[in-house]
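**Student:** My questions all concern the structure below.
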């Protein structure tokens, strides 16, 4: 058989010809060493021009398309394409990787740029959103990411003169970015009128916010800030591709082939034109092929020359020695193949059009050009004797030409059915073989071209060359399952018996020749990107030349045989993947020896679960919906008794290794099932770490031996690092490994942890475990990894070993770079350790050898064990190893001598052992040393301690591999028996000695066992259908039977004398035997499925049977007759035992998710009080008071639940006196003993978990405010829709009919009158330029809480409304605003740490649509309003609570998403520390404890949770209520803290709960009469303020101040005049309490005198509909849905008065003199008040629908009232206060929106809901339709949003939302509008052109309802619908 190993020679990349200039720009740089760096295909090239040398960086696995140079000019960053592209940062001097950045981009990385000091790198992806990422590249961490643009981005650059600013440009856009926190915020460049909106290709930043950019049309655009200020036209003839800034100025390069140099002000200096030069400009360095593909390659037969020809029509000749282009010639056609004649004189080129040309090589002159074919010539070859040329074309034929006859055609080969791909001549030139596209290999006789069908005559043919891909000699080049055409080229080197192949995947492979068997071993080389089209050996076999199709590059590889490489061995191997010596092959018949059976088993374990515990919450939620109805039956409470894990018999050795260690204190730590066990061998006791919820698979110990890391199975599996003394988690790492974690290791300094996942790629992750940060990650290997070790001398290096590999890794940024160990034949490694120096590594193989490695080279191997070496441990001097042969061996420090061996045998077992060895020489899986002993763990689940002098003590043992099902407890002794699939029956002592007393091997595994009533006999059911009865003491056989085929599933002695034995089998029968006579006396038939459980009644006459079909059946003993017993009677029967799981009396034990999980076992305690159950998810549950007190009727009992077993609990049994509970787990092989604490005698312990699957529905209470807050759906401004129910076509979409009387150009008519009466502007009219926010009346109190705080020692207060944060100075009453939020603020908190004074965090509403609407948190300085950090978060819908930690460095946020995610941030860096789903229902508040950075509490709908931040993970505990009688979980609304871990939570019922840790210790009943909405902990004295909802009374008020323990309080009354006070926010300063109420008031209450001072007023319910400005003074009125009209004074900055109307108000108007006010109501009524006395002058109700607008005529005579019922009524005020209607307007198409009178009071204009504007006469009510009349009217005011004069106010994107209100200034020069998006806009008036230019002002929430100018155009007042706030904007007038 041919040698199937890889060849022992290799290729080294020597030169790359070419440069990637197509589709890439800005990819050529000078390094600090004056070398040039660029890239070709997948290779980074560093080219030294002086010495003409190249170095290569080969860290990429696909095309490089972007490159950036670090400012220090040594490091280079390159980005590649691919499905999972990555960025490499590498050193251009050593070409070694420094850092790898991955896992963020998809498709590819289009641009890269370093910032000025080189700390950050920005990258742009090729994904659909063109994501922009900013990296801390040394750590491989993403600092910020944002979607870049919807279209391609071509260039990105840091602004070198401003920190954390970037500019990006691309297709039709330029964006200016600022980086703050983790948020990148863009502003689009404004092209304005200065230049055309067009594609920007490149940019350069200059000082003073100036940016220069090159455009597609050859102009240079100059930007200042975000505005285009000038253009430099025609800088280049067409697109400017590149721009570079340096000290002296700028250089630009364009498509026109010119390079232009400019000075610093962009004045031109000079032009270098590269087009005029012929052979190239004299600075030419690298020349390569350009467009199209490169296919043609030929080598000269005698000289070191290579010829290439390409689709770019050029043929080039390269010198392989000088690495230079020596000749070039252009042809008419694209070239597809080439050949050189044997004498080296002629060069033949095959063309794409079917012709071929022959050139003379010497001077490149044409000899002949022949065209015989239509299709491309793909292959041509000269015969070895030089007489003929064979030309193969895509016409499926080969033509033969005579060379001497001037290439006359002499023959033709026409056997192929497809295009010709490869040809070879025989050495005697008599035969030709061809390959074609259909995969056929044909032979022809030459030169005639006759096909040879008889293969006999070919047997002796010698081929001159071998370039064919088909044929027996090259079978091995094909992988097992491959398409025929993916190998493009082959060339054989007959001398060295090597073959080189080139394929479509960019791989060059080296194989042995001949290569007969499929799937041969190879060495592979990356470098080319996609397909390699051709590969050839040079004439003397020194080099291989390969050419890339798409990358247009020519690679020259040096061929190095191993003789040469040995001499060069001392040169450090350049770290490249060039020789990735991948001995990988896809073959099956591998040359690896047979695998050891144990390892085989282990590699096949999958650890997959049907249901992961992580899925339970979702499953529960789904099921809950179905089960709500059932749950209405009232359930009893959970059981009073509880169990506590006491001892576990078992150790996981069958599939884990090296998982057993000594701790600092000499205890032993190991794991089994889901439990970490700390075992004290002196006292024989165990303590448990119970943090995991599924099987632990690996364990590693910290170098200081005080912490342990354990990794578990799970969909998103976690690693816990915990303290062996306290058993508390120090850190939890998750989010990276799927399916499970199979290996762990700490670094020598204990700071890092390495882990390996069970996913298909066996991902390797390196962690900083204390911070919970992932440092780097990489795919480890396709094959299973068994062990990972971090180098003790250098924590950046590590090794992994496993199936068929050993890999050496080192960290590079966010990635790891791995190299396979170089060994002769691949072995599977089972264990590995580092030796006494950094380079030495020792590994144990599956064949029993120890391999000794230096660096990555195998130095030697030593035979150590028979069978695999499973464990090794390094000592100070020497090593210890353990293997499958059961021998522990001690070695010296070089593995030269074996110093001592210990054999594990029964004979040497010491007397103090806690059990028995099952077999001699058990397979050893773990070894550890310490305290003078060797600790050994075996595959059989035993832990042994070997004394150095020889004796062996057995400490712990459990069953071996296989499921454990059978469990029985002794009727009167503390013993139990178990039987397992491992074919053993064992007896365990449950008393404190905890040992295995006896064991017996069985012929088959067993599933059940049972003691006889007197305890003498033990019955065991086996898996083959037989069962035996053995003596309970000696375990010797008494009797055995074999009547059934299927497995025996349960076996039971009848009670009393034990006369009968019932035996249930899997073939659905129960046999009843008479024990005395040993005969079968009855058979119970009738069940449909296998039997699962059996129980006898007390009298021994009745059997209860459960089956797999969920039947509950009854049979009479001993005959087995079936009985039917009604459910009500079953409960009355006195059962001897109860282990059944079906029937009405125990439906309650079935969980809500019973579709996915089964209750597998149950057992009722002997005192009949508690039922213990076990289920498929590994939970042990205790359910209350069953059968005899109150059966579990009704579903979903309350229970206590314990996790320790991993997958399923197969059996549970109480001991005879109920003091212990024994449980066995199926796959985890362990027996767990739990102590039982009955009710009454116990102290409060914290190990319980009390949960019912369904929270009862009736607690929690109801409160309208709470319900509203919970159900609030927050509108996102950007998505808001119409506020009014409009119909019709929007104004900007209506088509204008041309008016009949278009005026002639020179008008003879009268001049047009003014549109608007402007007589009240005395001075010259000046337009308004800008609006500045001056005042805001409003506070968001009705659905937000805890959002009012003192600042600056009580001098200022801070609060929010709409999207504005407001700081109010209490002395001056001045407001200042934070306006950076893009949408409504929902929560606010201040940082109380003195290091961060006045730091505020606010969270807003949002949705993931585009970057402007993502929910975000802003952290800002309240004094100067500077944004300190923006945190873009994944809380969809919004952020509802924020809280700073004690040190002020962490910020906690809670989302409104369905999972109510809780996230912790390092806000200064913008980094997310941890995140986790908080609760299924709304969380209202989450707050850090005031003294902690790791502990916080969250409260919400019917829950309170106590959280701890451990590393990366958030761990939570539910509040435990059971310690207080009749305590119910209510909806919790607020939280405060006391000393000694006390927590106070306020509830919906008015109680306050007091918690110690997470246990409820006291309830302060009715602290308030209604819900306790807010609580505040004063840091300085610990006093607590609470606020609630309460009617004010003499004793109580809605605000109370309590002492530190909430024992005494003092109540305050808020003198607001409300019937019910509802406090939403409290804060305590020095002697003052600040209160925010539901009614939008902020009140300051004095602690001593209880005086209330109202600081802020607002409308409490919205929307505010009506606004009216006083005709002469700076005052205005507002009318709102809350039934009040309020008078505000702008100068005094306060509310002067309010009138309660008792009905929602809709509109309000002043009379022209300002002496009367008219108010329109929602119920159709309107009222006229006298301003001076606020007396009602008159009121009337003529309509039933809301009044939409109300207006006095300018002459004060008429009142117009417009309503929703499409009517406008006129009233004559001169007739007195009885207000009779004098007329009305008819035919209004829809409801009235706005009305305006003409200046002469004769007309009124009405805008309607159908987007129509109508004009009527006053008072007749006749419609005016003539346009000419309408055009001549002068209006007294203009508030209409409709009309030709204001078409321009409608914006393009008003498709869903409308302009709702408008007002023209008194000067008539401006119009302000408000819209549904919450924007205020300022336009010029009139604005008849569509989409007029405007300024916009943000701040309001969605839906503005009204807007007005005050008198003299001094202010604009805007009223918000959703935000119930009034904004006052100061007008800034233009200067003259």
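Just so it is clear, glycine is given a Cβ too, placed from its N, Cα and C backbone atoms.
Since the structure is predicted, the reported quantities are computational estimates derived from the model, not experimental observations.
Residues annotated as compositional bias 'Acidic residues' in TrEMBL: 581-600, 1250-1262. Taken from TrEMBL, the feature compositional bias 'Basic residues' covers 625-636. Annotation comment: TrEMBL describes 53-280, 685-945, 1375-1644 as domain 'EML-like first beta-propeller'. The domain 'EML-like second beta-propeller' annotation in TrEMBL covers 294-558, 964-1235, 1664-1931. Taken from TrEMBL, the feature region 'Disordered' applies to 572-600, 616-637, 1243-1266. Annotation source TrEMBL lists repeat 'WD' at 250-265, 287-320, 370-401, 862-892, 1664-1698, 1740-1781, 1897-1929.
Relative to the rest of the structure, where do these features sit?
**Tutor:** For the domain 'EML-like first beta-propeller' (53-280), the model gives a mean pLDDT of 81.
For the repeat 'WD' (862-892), the list of distant contacts is 596, 598-599, 657-658, 830-835, 842, 844-850, 852, 898-904, 920-929, 934, 936, 938-939, 946: same-chain residues at least six beyond its ends, Cβ to Cβ under 8 Å.
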**Student:** Write out how many residues of the repeat 'WD' (370-401) are helix, how many strand and how many coil, based on DSSP.
**Tutor:** 0 helix, 18 strand, 14 coil
**Student:** Six or more residues beyond either end and a Cβ under 8 Å away: which residues meet both conditions relative to the repeat 'WD' (287-320)?
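**Tutor:** For the repeat 'WD' (287-320), the list is 17-19, 21-22, 40, 280, 326-344, 347, 349-350, 352, 359, 361, 364, 378, 533-540, 542-543, 545, 547-550, 552-554, 556.
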**Student:** Ranking 53-280, 964-1235, 1375-1644, 1664-1931 by Cβ pairs under 8 Å to the domain 'EML-like first beta-propeller' (685-945), which is first?
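**Tutor:** The stretch I would name here is 53-280.
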**Student:** DSSP-wise, what's the residue breakdown of the repeat 'WD' (250-265) into helix, strand and coil?
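**Tutor:** Reading the DSSP string over the repeat 'WD' (250-265) gives 0 helix, 10 strand, 6 coil.
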